[in-house]
Structure formats: structure tokens, C-alpha cells
Amino acid sequence: MEKIVILTGAGISAESGLGTFRDKGGIWTKYPLEDVATPEGFARDPVLVHEFYNARRVQAAAAAPNAAHQALARLQRDWPGEVVIVTQNVDALHEAGGAREVIHMHGTLAGALCGACGHRWQAPEVMNTKTPCPACTRPAARPDVVWFGEMPYFMDAIYDHLAGCSVFAAIGTSGQVYPAAAFVHEAIAAGARTVEMNLEPSAVVSSFDETRFGPASRIVPDWVDRLLEGRA
Ligand code: APR
């Protein structure tokens with residue numbers, strides 16, 4: 001049975017109203033990523049970083065999955081082989097759209113991590129510099145998201161999946177952040193067919209066998225239909 005590995009990025013959640021990072025008006029054009037998405041930025045100004053993620057947590061909780069999230073959940077249900085969704089997104093829209101298993105390589109807004117003892121727990125809606133760790137009681141709570149300079153989660157499992165996949169798709173990601181941007185090369189080494197689906201060509205577009213450009217809510221359901229009908 002063919003295994004499909006799908007990598008998603010901020011573009012798949014754009015039509016659900018969550019901003020992307022590097023597009024015009026994107027999150028990193030408003031907040032310098034060095035300030036809100038690095039361990040050094042958190043050490044410098046934890047209040048600012050908590051406020052940034054508290055706002056994103058509220059916004060993500062209010063967002064609804066779109067047709068692209070739902071189509072991938074349908075593919076997971078109806079494809080006779082395994083469909084592995086690896087997301088760089090910290091929202092929970094794949095799960096809200098019905099996906100069963102999602103690998104959150106950059107963590108989730110729903111999670112809290114103790115910077116002192118490493119304990120993980122469900123994030124309260126609002127976290128601040130006084131939020132205590134339920135395990136060690138120290139006020140060292142931080143969002144359980146992977147910042148620049150930190151190692152993404154579940155890398156061994158992801159590379160195992162890539163080594164065994166027959167189809168690899170990258171959806172809504174600019175291909176500018178590694179290691180995710182290099183997954184296509186792992187998939188090629190495994191002999192997989194590769195497809196990029198994005199609003200515009202990514203930084204690694206030339207590595208893909210096939211490209212489909214347009215809004216994810218249109219091109220992803222179309223691709224899923226074609227796969228399930230044996231046309232892709
Ligand atoms: N449909 C499909 N693609 C879209 C849509 C849409 N409606 N809207 C935007 N896009 C595309 C953009 O063209 C862009 O190439 O989504 C991509 C989003 O790119 P980025 O903003 O760079 O987001 P992403 O690739 O997920 O970023 C990777 O960088 O800052 C870190 O940790 C953060 O996980 C994030 C990582």
C-alpha cells in the first residue's frame with residue numbers, strides 16, 4: 001500500500017483567517033522573529049513573547065478549518081494506505097477538520113512547556129511570566145512551540161515516514177525554513193513522486209515533479225479527488 005506524506009505550512013490555514021509569516025503583511029513583517037520566536041527573544045522580553053502567543057492562541061481557537069484541511073482528513077479516511085500529515089503549523093485546524101493523526105513538528109499553541117524542568121501540559125488561554133509549572137511549581141512556563149535555533153520535534157519519526165513514502169506533497173509552505181524545506185529531497189531519495197501545492201512557487205519549487213498553484217481550499221480538494229479516483 002502506498003504511503004503518502006504531506007507537509008503543510010501556514011498557507012493551508014490562510015483561508016481560515018490565520019496569517020502566514022512571510023507573505024506581504026505576514027506575521028514576521030509586523031513582529032521581528034528574533035524578538036518573538038527565539039529563546040534569546042524570550043529571555044530578553046518574556047512579557048512581549050507571552051502576549052504574542054496569547055493573542056495567537058485566542059485567534060487560532062476561534063478559527064475554523066477550511067476545505068483543504070477537510071480534504072486531507074478525507075484522504076486519511078479513504079486512502080487504502082497510510083497518510084501521514086506533518087505540519088509546521090501550531091494551530092489545531094487539521095484535527096478540527098477531522099484528521100486523525102498529525103505530527104506537529106513545530107509544537108502547538110495548545111501546549112505549555114516548563115523552561116525549568118521540561119514538563120508539558122495543556123496551556124491556559126492566557127500564560128504569563130508568573131504561570132507556575134504544575135510539576136515543579138517554578139514560574140517558567142513558555143509556549144510549547146519550536147523557536148528558531150531549537151530542534152523541531154519528532155524528526156526521527158518524520159525521516160522514517162519519508163524514507164518509506166511513495167508520494168510526498170508540500171502544501172502552503174514557502175520552503176524557506178529547514179529542515180522542513182529539505183523533506184522533498186528525502187522523499188526523492190525514497191523514490192517518491194513529489195507535488196508542491198501553493199499560492200505561488202516556493203523557494204524549493206524546482207525540486208518537485210509536479211506543481212499546482214492556487215488557493216489551498218481549491219487545489220487541495222481537487223488533488224485529493226484525483227488521488228482517490230486514481231487520476232493523480
Ligand atoms: N493557499 C495556498 N498557499 C498559500 C495561501 C493559500 N490560500 N496563502 C498563502 N500561501 C502560501 C504563500 O505563497 C507562502 O509560500 O503559503 C506560504 C506561507 O509561507 P510562510 O509564511 O513562510 O509559512 P511557512 O512556510 O509555514 O513557514 C515555516 O517558519 O516562521 C516559521 O515556525 C514558523 O512554521 C513556520 C515556518
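Just so you know, glycine gets a Cβ as well, placed from its N, Cα and C.
Among the features that TrEMBL reports, domain 'Deacetylase sirtuin-type' is placed at 1-230.
In the three-state DSSP assignment, the secondary structure recorded for SER13 (NAD(+) binding site) is helix. The NAD(+) binding site annotation in TrEMBL covers 9-28, 88-91, 172-174, 198-200, ALA216.
The Cβ of TYR53 (substrate binding site) has 23 other Cβ atoms within 10 Å, all protein chains considered. Under the heading substrate binding site, TrEMBL lists TYR53, ARG56.
Here TrEMBL flags HIS106 as active site, proton acceptor. Using a 10 Å Cβ-Cβ cutoff, HIS106 (active site, proton acceptor) registers 19 neighbours. The secondary structure of HIS106 (active site, proton acceptor), as reduced to three states from DSSP, is coil rather than helix or strand.
The feature Zn(2+) binding site is assigned by TrEMBL to CYS114, CYS117, CYS133, CYS136. In the three-state DSSP reading, CYS117 (Zn(2+) binding site) counts as coil.
The record gives CYS114, CYS117, CYS133, CYS136 for Zn(2+). Within 8 Å of the mean position of their Cβ atoms, the other Cβ atoms in that chain belong to GLY115, ALA116, GLY118, HIS119, PRO134, ALA135, THR137, ARG138, ALA140.
All chains included, 12 other C-beta atoms sit within 10 angstroms of the C-beta of CYS136 (Zn(2+) binding site).
Ranking the binding-site residues GLY9, GLY17, GLY25, GLY172 by how many other Cβ atoms lie within 10 angstroms of each Cβ puts GLY25 at the bottom.
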